[in-house]
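Undergrad: Have a look at this one before I ask anything.
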């Protein structure tokens, strides 16, 4: 599903590479944590999987597509198979929960009728049934992140990328979000999550890949934070 | 649905920053008016050149004391000249008639000039109006010739004036166009900034590039089209109030500007206005949105 083959990325003007000869292989349906200190290169991996940055050396293959050589005009279509959740939710403040999710469908060409059918379903799935017509400022942080997860998942992507999704949430809410991601993972979606949160990693007992200064220092099947 | 979304985004975009939109449309309109005007002047000057050069004449004015022989000799020399297509002799009476005809609105001038004060002349139509110089060289020193006058010399001065006017209009059009394009670029930047969250989400979920860019580009195109409508209105007003009313006394001097010519400038103005606005918007987005 996801392959990084001897990937090296050095940003212009950086003294050392963000990723240094990194090789990782992630199978379909896996749940993987990337952990490590700030600046270790975790976020660069997410950006690479989204084709936001390309490696200087090595190869990145996502969903059977070689991202390394992908032309930028193919990027939009490629991204439709990847859902994405961030620490800062990235919801549109002037749209309700329903509209935020429907927006993601409509801008990729789905009709309003499809949205009417699919959006309530996915909002129900993330536990926001009955709150469809609330605006982001009327929702708690955890609920906003649920909307973001619903938006990422509504298109049934093969891969869900989560960049510190619990970074702005309290521990209890974080665990609820993790349960949600776990449920999504059980539908067969590959989940890749970057985090600092040792509690969560320790509770979930999933594959843990630890990165330090751009190198993989640990790759453990049912790991803990360390 | 997508078309409806794009169109409503365009209207919202134009309305969001309505003062800027108005400034953009007015500068575009003025620029396109200048462009249309310079185009009209250009075609008119070409028309007038055709019209005038067809009838252009070189006049050889004769001395008042010219002898019969000299006049006859000059006449037959002119008839035989291959550069000359037609020769007309104008005697003093005819010259006076023409003079009266030409200045019938100025009685003071008429009463001041007597019939025998006007010189006789030969009026020549040249095969090629540009050949004036050799005619002038050949005949200005002939016996009994007072002076050789070429109307095209005078006309050239008038045409130079028109061409200068056209160049001024064109320069003004370009200067206004630069201002208009900067305004378009700025409006698009403001629009892109105010929609940055939507754009970020669209890029994230994989909306196609054209879908992200279309509302912005169309916003600029609509402004360009409205500007060209303003330009058409300005040209119509110019024709009606300046050309047809205020300058109607000079109608014989200018080649007439028809309504169809004015209307024909519209597709040009609309095309230029729409296209350069679209290109400016698109280039701005490339730098600003990185899509």
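Glycine residues also receive a Cβ, built from the backbone N, Cα and C atoms like all the rest.
Taken from TrEMBL, the feature domain 'FtsX extracellular' covers B:56-148. Here TrEMBL flags B:172-286 as domain 'ABC3 transporter permease C-terminal'. Sequence annotations record features per position, and here TrEMBL assigns transmembrane segment to B:21-42, B:168-193, B:214-238, B:262-285.
I'd like to know what surrounds each of these features in this structure.
TA: For the domain 'ABC3 transporter permease C-terminal' (B:172-286), the model gives a mean pLDDT of 88.
Sequence-distant contacts of the transmembrane segment (B:21-42) (same chain, at least 6 residues past either end, Cβ-Cβ under 8 Å): 14-15, 162, 165-167, 169-170, 172-174, 176-177, 179-180, 183-184, 187, 223-224, 226-232, 234-235, 238, 257, 261-262, 265-266, 268-269, 272-273, 277.
Same-chain residues lying 6+ beyond the ends of the transmembrane segment (B:168-193) with a Cβ under 8 Å from its Cβ atoms: 13, 16-17, 20-21, 23-24, 27-28, 30-32, 34-35, 37-38, 41, 199, 216, 219-220, 223-224, 227, 276-277, 280-281, 283-285, 288-289.
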Undergrad: With helix taken as DSSP H, G or I, strand as E or B and everything else coil, how many residues of the domain 'ABC3 transporter permease C-terminal' (B:172-286) land in each class?
TA: 102 helix, 0 strand, 13 coil
Undergrad: Residue list, the transmembrane segment (B:214-238) vs rest of chain: Cβ under 8 Å, 6 or more residues beyond ends.
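TA: Same-chain contacts beyond the ends: 6-7, 9-10, 13-14, 21, 24-33, 35-37, 40, 180, 184, 187-188, 191-192, 262-263, 265-266, 269-270, 272-278, 280-282, 285, 289.
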Undergrad: Six or more residues out from either end of the transmembrane segment (B:262-285), which same-chain residues have a Cβ under 8 Å from its Cβ atoms?
TA: 28, 32-33, 35-36, 39-40, 177, 181, 184-185, 188-189, 192, 213, 216-217, 219-221, 223-225, 227-229, 231-232, 235-236, 239, 291
Undergrad: Which numbers of helix, strand and coil residues does DSSP report for the domain 'FtsX extracellular' (B:56-148)?
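TA: Helix (H, G, I), strand (E, B), coil: 44 helix, 22 strand, 27 coil.
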